[in-house]
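Copied over from TrEMBL, here are the features:
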{"type": "REGION", "residues": "1-27", "note": "region 'Disordered'"}
{"type": "COMPBIAS", "residues": "15-27", "note": "compositional bias 'Polar residues'"}
{"type": "TRANSMEM", "residues": "66-90", "note": "transmembrane segment"}
{"type": "TRANSMEM", "residues": "116-133", "note": "transmembrane segment"}
{"type": "TRANSMEM", "residues": "145-168", "note": "transmembrane segment"}
{"type": "TRANSMEM", "residues": "180-201", "note": "transmembrane segment"}
{"type": "TRANSMEM", "residues": "213-235", "note": "transmembrane segment"}
{"type": "TRANSMEM", "residues": "255-275", "note": "transmembrane segment"}
{"type": "TRANSMEM", "residues": "287-306", "note": "transmembrane segment"}
Amino acid sequence: MCKPTTASPKGGENNEATATTKDNRSTNKSFLPSVEIELSDFFDVSKPWLLVQDGNYKGYFNNVPAVFRVGPWNIACCLYLFAIISWVVFECVCCYTNPPNVPPTDYHSSFGTDTWQWWYNVAGFAWTFYVAAKVKKDWGWSAWFLYTMQSWTLIIVRHGLSVLAPFVPAAAPLNELLRFPMLLQTTITFVLWNFLLMPAITFTMKDPKKRSGFLKFCFGFLLSQLHIANLPLAVMNGVWGSPARELNQMDFCMALGLALQYIALYLFVLDRIGVHFYFVFSPRTPLAIIGWTTFLGCLFAGFAMFKNALVDYGVAA
């Protein structure tokens, strides 16, 4: 999932989203340049919740309706969020205190340099790393605040670990721990962006010219890689390019833990500085309950789907 609005025009006076222009991409290397906010501001109880005016970071999120940016959080959303966080913490604590007994996964005998899977992982690592380097060049390191880029990073890391796993024994366990989180986060990115967020953002844009520019941006090279090619790349690596095995509770909890860290980052850091990449998840309206429930639905559906797929289509030892 990627940002709903983008860097301001070259002149800097009008901060509305116009990322599709070449001048913007060449002159604004980061869509989140520094602001005068100190780390201590997040812990200073005398500070207001919103650390920027109108909950709108440098005006980059003018297209996001104010109801998602300012005002108190909806009480129903708060209760629902508390229930979700409590459940995630409980599941993770139970799993890590009583881990499942799982035999080690054998990469050495099945994924040597004489297999197509190993060479695919080499090519996949090179390609995904190239895309990430282009993101860094065009958008800057701040792009890694996006859930999209966190899931893309998991794709990069897992392709790289899959290359190393036949030769470096320590790489295999970590590679397997990241297997389901990578598949899940990529699936969530693909589903939520293409079927919820992009349509919602497009709908809120009343200006036909801006709407057309936004759609052109969405189907450009980078976003096509991050939101469309991401799922085939993840499935090639995590299903067809890895050993067959059944998912277990540890896989589920790893995915929950990584999801929880991004929820915390988004709600307690990005929301406070007015960065609304995924405004439908703003807890200021009941729409967030639908978004969060869809997110959880993707988690359970993904676990059920990949639990069977990894056994049926993974490489037998």
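From the backbone N, Cα and C atoms, a Cβ is placed for every residue, glycine too.
A contact between the transmembrane segment (180-201) and the transmembrane segment (287-306) is present, since 3 or more of their C-beta pairs, 6 or more residues apart, lie under 8 Å. The stretches the transmembrane segment (255-275) and the transmembrane segment (213-235) do not meet in space: the count of Cβ pairs below 8 angstroms, excluding pairs fewer than 6 apart in sequence, stays at fewer than three.
With a cut-off of 8 Å between Cβ atoms, the residues of this chain six or more beyond the transmembrane segment (116-133) that come close are 110, 149, 152-153, 155-156, 159-160, 162-163, 166, 222, 225-226, 233, 236-237, 240-242, 315. Using a Cβ-Cβ cut-off under 8 Å and counting only residues 6 or more beyond its ends in the same chain, the transmembrane segment (66-90) has close neighbours at 50, 54-56, 256-257, 259-260, 263, 267, 274, 276, 279-280, 282-286, 288-289, 292, 296. Residues 74, 76-77, 80-81, 84, 180, 183-184, 187-188, 191-192, 196, 238-239, 247, 251-252, 255-256, 259, 278, 280-281 of the same chain, all 6+ positions outside the transmembrane segment (287-306), place their C-beta atoms under 8 angstroms from a C-beta of that stretch.
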